[in-house]
């Protein structure tokens, strides 16, 4: 297709945007250099010695609120550097980062949700990770994989979250059950808990936003894959089998197909109406708050044949922007935040789980045995692919899981539909 | 009288006027015009930059394949022609949300109109506690839609919700109002109707109070009953008000979003997802061109619906 009419058309479209953002984005995109294919950008060298200058950081949620004070030690060690932390609410963070990249007015470093990596890296707005400074082997494999877009890493895992199995010990005991290690065990476990008085043996999310996070671990445990690196590979016998297994919990009445209201899960678990569920470490505090104190435990997910089975991993990565004025200082800050000991004290400050295994080997993370389970689970995780269209494909999976669980379509059709929609969406990588 | 005929001639005629006065006048006019434009200019600039510009830009965008990953290189996106529009109509989900929206409008608008008119007529008749009832109908409008939707979500809970508990008292096993695909859209329509009733009711009430008492009395003298008076006197006089109400409700319902966003997240099985919701999703996926196309389809639908309403409800002359 000819470029000329395109330029005319988009010039009109972009005229307003450019006028409003009042920035010569197109004129200085040259300095971004090889902007067109940001993939090949070589990683910047990092100087020796302390960081200097101002380092602007964006962080979301609790992290954004706590990070400013937390960095006092860093500023002490780097007296010539000033860190300015801007807390950004998660709700608006995606658009705000996208807008900042478009306008070339980014901070130096930002926390980036793992599922956004593909999209932002594909804009050419993120710096490639200097792999001579950050070693892949220092981090859990799932979280590191979430930084890699089209073969290049564009950030460093900062904190992670993963899912394990919560269950009621009192119900399991009265049913005479051991924690499950395989798919068959898990089914028997849910049946046993239900027999011991729970309305639902296990709560599995029956659809709507984010249900892929509960379903995909089963598919991964069965060796199904999401992509082969270039294209989506959802339509596989492994995926179908996993979906059939997932559906059986609903058809056998072990899990209900109603999406629970916020807060209901914790309360129903504490009341014994839900015997078990799969969730992340934040639920330890929530179920304790709802009244379940010493009558529950957490174990790694069962695999198809033995535990631990693959779980979902999410979390936040730290990325440096190509438009940063202080890349050197920015990478030094990232380096500091991903040090093992700093990650341990960050856990004490914000309960963010460390992204590197050595931070789990001693200190505060071994003190609560429930938290330590998540460290064990982290050895066995998968992250969604870091491609620009992942969020869109995730909703396609959500929709088909919901339809299958409600018995509207058979598993094979659901999986085939996932694939055909995902293929027409594409991965978004050139 | 001589004075009478000469007096006007001694002054410059206001109609004919001398060349001098004409110039002076038009100079004044021109100056006034210039001042008017000058005063309007800040608004016009803002209007162009923040209203016309983005609307036009998104129209252009709807013919491109722009995605969020193109933000740094907006001049390099490809023209897609009408590809976005054809893809839109081939997407089964879009057809589903278009149908949902059509049902929402087709059921919601007449329902809201009829109930609001009934409420207005009732309120127009009573004299005691009128302010109280008017407040009661209008309160949902001034309450935040998010708060209202959250309360409704609570009311419609399958097991613990007050509505089903009330039904349980009379021995009916209440359904999962928002969880059943077949019930979710009607539940959301009910909530939207309840909420929007107040706005229309106030407008209709104002309209009813302009109906001249003499006309109604004259009709009564002619032997017209209560219904005949309403049918042949009140209703025709209300046509402009009804038209206005139908147009604003129609536009509002075609764009429905918050109700299902808060109450059902568009579910179950996309039963309450609307065209506006679909557009929102596509924007958040970063498909800017495609999402713009979806919003222009909605725009055309609004124009068509409004044109039909004008044709049907236009005041007869």
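Heads up, residue numbers simply count up from 1 along the chain you see.
Glycine residues also receive a Cβ, built from the backbone N, Cα and C atoms like all the rest.
Automatic prediction, not curation, is the source of TrEMBL annotations.
Looking at the stretches B:267-287, B:288-308, the one that TrEMBL records under the feature transmembrane segment is B:288-308. It is B:135-155, from the ranges B:72-92, B:135-155, that TrEMBL records as transmembrane segment.
Stretch with the most C-beta contacts under 8 angstroms to the transmembrane segment (B:102-123), considering only B:135-155, B:183-206, B:237-256, B:288-308: B:183-206.
Against the transmembrane segment (B:183-206), stretch B:135-155 has more CB pairs under 8 A than any other of B:135-155, B:237-256, B:288-308. Away from its own ends, the transmembrane segment (B:288-308) comes close to residues 58-59, 61-68, 70, 77, 80, 84-85, 87-88, 94, 98, 101, 105, 247, 250-251, 254-255, 275-276, 278-279, 282 of its chain (Cβ-Cβ under 8 Å, at least six residues beyond either end). Same-chain residues lying 6+ beyond the ends of the transmembrane segment (B:237-256) with a Cβ under 8 Å from its Cβ atoms: 101, 104-105, 108-109, 112-113, 116-117, 188, 192, 196, 199-200, 203-204, 206-208, 210-211, 215, 274-276, 298, 301-302, 305-306, 309-310, 313-316.
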